[in-house]
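First comes the structure, then the notes that go with it.
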Amino acid sequence: MISQDINQAKQLLEEMELIAIPTETVYGLAGNAWEEEAIKKIFELKKRPLKNPLIVHISSLDKLDQVAYDIPQAAYQLAKRFWPGPLTLVLKKLPHISNLITAGKDTVAVRVPNHPLTLSLLNQLDFPLVAPSANPFGSISPTSSPHVEKYFKNDLPLILEGGECEKGIESTIVGFDEESRAIIYRLGSLSMEEIESCIGKVNLLNHNDQNPEAPGMLSKHYSPKTPLIVSEDMENSLLSFHEKAIGLLLFKKANKNNPNLIQEILSPTGNLSEAAKNLYAAMHRLDQKGLSLIIAEKLPNEGIGIVLNDRLARASKFE
């Protein structure tokens, strides 16, 4: 059921049920972070590998000491600047945090989401929420309630309706080394430039399939069922695959040489933030067209465009 009933959401979560919640990044599959039964349900429903940690969602910076300790000063600086918002911090976990959440690591990923409904819900709960994206593991992230319903219509008692996600791309994840120097584990809605404007120079870690330090670090991710390739030369790619039923994922201009092809334009004005908001929704639409191939145009590799190209590259990795 899709609804804005926060009281029902609260009751279901207290009864160890899972629900879908809106955030500014993507919709999350939420459960009680203090209860292993709920945490296990999330892994089972998503078919998510246990080696892949979850993000704990709290209502405010004041609640951070309920999940983490020995918090670096740079973490506080980032949280004060960007929370509520698309920033996840990886910090030393307190002993009561389930090893299921952290994939057995001694760190926990935590953030304050920026959505009025979900913040209101978190403020009414006596526990934080674990909430990975509300999709089967490896699939396209959901940025609207219909996306979640498509995946989990018969599995969730409630999808909390929060409209389309404002950002449309996952949070940026920042951790710290033994000297409290910041490391970006995953680039997301918050750019490297924004992070560095707050705390100075940071390092960027590469994908890690074997032992991911944080959520979203696996090299294949965010993928449609339809095979997808990324092209820097669209006309040449179209010549190579002319016999296939093709859909195009384009930045700002339609491909006028092939008007009969199904085409999704991410931002007619060439705005990368608008493209980010529309990326997953466009991928969902193309994925439902019965195509044999999606060709995605590589985006300008600057600002949030770097993140969008990363998501497209990971979506294009074939099994």
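Each residue, glycine too, has its Cβ placed from N, Cα and C.
Summarising the annotation, TrEMBL assigns L-threonine binding site to Thr25, His57, Arg111, Ala131, Ser171. For His57 (L-threonine binding site), applying a Cβ distance below 8 Å and a minimum sequence separation of six or more within one chain yields Thr23, Gly28, Ala30, Ala33, Val110, Arg111, Val112, Pro113, Thr118, Leu122, Pro128, Leu129, Val130, Ala131.
The ATP binding site feature in TrEMBL is assigned to Arg48, Asn52, Thr107, Ser133, Ser141, Arg186, Tyr222. DSSP assigns Ser141 (ATP binding site) to coil in the three-state reduction, placing it in neither a helix nor a strand.
The domain 'YrdC-like' annotation in TrEMBL covers 3-190.
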Among the binding-site residues listed as Asn52, Thr107, Arg186, the Cα nearest the Cα of Thr25 (L-threonine binding site) belongs to Arg186
Which entry in the list of binding-site residues, Thr25, Thr107, Ser141, has its Cβ near the fewest other Cβ atoms, using 10 Å as the limit? Thr107
Could you tally the C-beta atoms, other than its own, that fall within 10 angstroms of the C-beta of Arg48 (ATP binding site)? 20
Assigned element (helix, strand, coil) containing Arg111 (L-threonine binding site), judged by DSSP: strand
Just going by other Cβ atoms within 10 Å, which of the binding-site residues Asn52, Ser133, Ser171 has the emptiest spot? Asn52
Limited to the domain 'YrdC-like' (3-190), I'd like the whole-number average of pLDDT. 96
